[in-house]
Amino acid sequence: MKVSKSILSKITNAMLLPVIGITVFLFLWSISAQSIHTSLGTFPGPNAVVKQFSSLYGEHVAEREKAEAFYQRQEKRNVAKQEKNPNYVGKIRAYTGKETFFDQILTSLFTVTCGFLVAAIIAIPLGIWMGLNKRLNSAINPIVQIFKPVSPLAWLPLVTMVVSALYVSDDPMVSKSFLTSLITVSLCSLWPMVINTSIGVSSIDSDLLNVSKVLRLPTLTHIKKIVIPASIPMIFTGMRLSFGVAWMVLIAAEMLAQNPGLGKFVWDEFQNGSSDSLARIMAAVIVIGFIGFLLDRAMLELQRKVSWDKSSASV
Amino acid sequence: MNWKKPITSSLKSLSLSIALVCAGTYIAHAETVGEPEKEELKFGFIKLTDMAPIAIAYENGYFEDEGLYVTIEAQANWKVLLNGVIDGTLDGAHMLAGQPIAATMGYGTKAHIITPFSMDLNGNAITVSNDIWKKMKPNIPKMADGRPVHPIKADSLKPVIESLASEGKPFKMGMVFPVSTHNYELRYWLAAGGIHPGYYAPHKGDNSGQIDAQALLSVTPPPQMPSTMEAGTIHGYCVGEPWNQQAVFKGIGVPVVTDYEIWKNNPEKVFGITAAFAEKYPNTTIRLTRALIRAAKWLDDNSNANRPAAVKILSQSNYVGADYDVIANSMTGTFEYEKGDKRAVPDFNVFFRYNATYPYYSDAIWYLTQMRRWGQISDDKSDQWYKDLAAKVYRPDIYAKAAQSLIDDKLIPANEFPDFTKENGFKAPQQHFIDDIVYDGNQPNAYLEKFKLGLKKGDKL
């Protein structure tokens, strides 16, 4: 009896309650949407958004067909040029048409991952160093505290100008817009990781430190065997926080700078002012939220895998 | 393995001679434009119907015909767009006519930008909020059927502003950029009705343009105009389409006058590239101009027969993106003033006829006169100075090369273009202004003396 009861309550918790929550939310959404009248028509309800998802998919398919035709035309043109001039080396250029909603999702995901990795590569070693060295910590901490609350919208103009000034090349490897998004994301997601890592490292159990002292471990081994494993839970907490920040920052940066990605999609639709715009923005909002949620979950799983302290990796 | 060498070298020389022969025959046929030096290009635009030549050149494959692979990207506002062209993120862009001129002059940003192609004539309007319209309407003469007589002059707005001022409320309007056509059109219309739009004083660091102003003009990006007016931040605005018709559709405002009525067939947007780009990639420059000329011609062919198709393209979310009906309202030869008051304005958007695409020096000089009139140019300049600056920015020489090659390729007949052997870049004195003042591009200083409002010779703020 007791066992079945606990299973039942588990099922309720895991399945039933979320379903109820979502249903109530959808209900409230569709009710309240009907009563909001904007100058672009009524606020889109769940139905309108679902319809937009399918039309966005349709556009994606149509665009792919156009891309196919583009490549065929290009090949034909290259062949014609080669006939005229045997020395001509045909070059295949990427499709120049518009990026669809799904392309924008991929662009955003790629940018956020790169920006986050850059931030992690800088932040984690710096955090460890700060945690180990009290003096360095007191020297750098004020800077971290001052830069931590700076909004991405403030960084963006600076980053844009600096990138345009320094990144000059006739045949650039990556586009400037990608670089500005990436650096802005890194600049904003750096700080939670630095802080958490340094706190994690500086609050390692003194027993562990004493063991290291007794064994006279060399510094690198000390870091590898004692410091990192002991502070992994805190480092991951910082990384999870940072990833959330990075995703939010990226969307804002894309909106403001018109860099390719979901943020640009939202801004373009806002500017279009068509009767579908609001539903499309709402569709994007849902996707942005959903991806943010999945990214967080992915980090959590990673933390569970690498951390010895399973209790630290709870939801 | 020495035997390989002579063969490869003779092969090389053979292929070289083939190439030379090919090149020779190539030149012998006609003076064709060479291969583009840069094939992958990125162009920026602002979501406005007058970006159409770029979209059409892409969609109809005119760019590809020139061997150009163009990516077209919407920009957030005119400032971002200009910076993009200057720093090379964009190779070229749909620009306000004043932008290349002001940038080359060094007002705002300093950069040498040129234009080989003027994008269109007309296409803007001035819209006021419903509230202002209600107060203006009694001052406007009516036709027999009760509809207001057009063009509506700013005289009817003046009492409204005065009554607002007596309540201590400022009258605010939006335009899209300090050196935009819209700023000058709005100022022209207001000043013609005796309303002072305010001076700029850049030498004192005052770039707000509100010195002595009875109407405070400020910058708002085009697509945000309707929502800014709806929010009550501004009482009206001057902007390109579809953002005036959007106000009618949304029921939030009334376009009172089109720029066609302020100055008949006034030059609007231009296509801007940096001088460095044109110098480094001369063939690319001519080729992109060719593509744009063909697109403009297509837009006007058979008295606007292609416009519905063009509207369909423009309504795609990656171009202008507004609803088909909103864009079609102005693009297909009509203009809806008050809701239901739809009138025929066949020349509201002109892309090719009347030599719309030819970059006339006199057009550039008109913009310069307005910059001087409202103080953006602080000091007096000689007539020669105006002409020199215009010649630095407007490049009919590139246009003529592109047009000539189109004529040679039998793509467009020669009679559709100005006679390049005689054309000197100055239009005959133009008369159709709302205040009946005649503009002669050859005499900018004399022109400035004709205005009641505005800086004149010797004036400095």
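Just so you know, glycine gets a Cβ as well, placed from its N, Cα and C.
Remember, predicted model here, so these are calculated numbers, not experimental data.
These come from TrEMBL:
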{"type": "DOMAIN", "residues": "A:105-299", "note": "domain 'ABC transmembrane type-1'"}
{"type": "TRANSMEM", "residues": "A:105-129", "note": "transmembrane segment"}
{"type": "TRANSMEM", "residues": "A:150-169", "note": "transmembrane segment"}
{"type": "TRANSMEM", "residues": "A:181-205", "note": "transmembrane segment"}
{"type": "TRANSMEM", "residues": "A:226-257", "note": "transmembrane segment"}
{"type": "TRANSMEM", "residues": "A:277-295", "note": "transmembrane segment"}
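The stretch in A:105-129, A:226-257, A:277-295 that contributes the largest number of Cβ pairs under 8 Å to the transmembrane segment (A:181-205) is A:226-257. Counting Cβ pairs under 8 Å to the transmembrane segment (A:105-129), the top-ranked stretch among A:150-169, A:226-257, A:277-295 is A:226-257. Packing against the transmembrane segment (A:277-295) from elsewhere in the chain are residues 38, 40-41, 43-44, 48-49, 51-53, 56, 101, 105, 108-109, 112, 243-244, 247-248, 251, 262, 265-266, 269-270: each is 6 or more residues past its ends and has a CB under 8 Å from a CB in it. Outside the transmembrane segment (A:226-257) by six or more residues, the chain places 108, 111-112, 115-116, 119-120, 123-124, 127-128, 131-132, 152-153, 156, 160, 177, 180-181, 184-185, 188-197, 199-201, 203-205, 208-209, 211-212, 217, 263-264, 266-267, 288, 291-292, 295-296, 299-300, 302-303, 306-309, 312-313 with a CB less than 8 A from a CB of the stretch.
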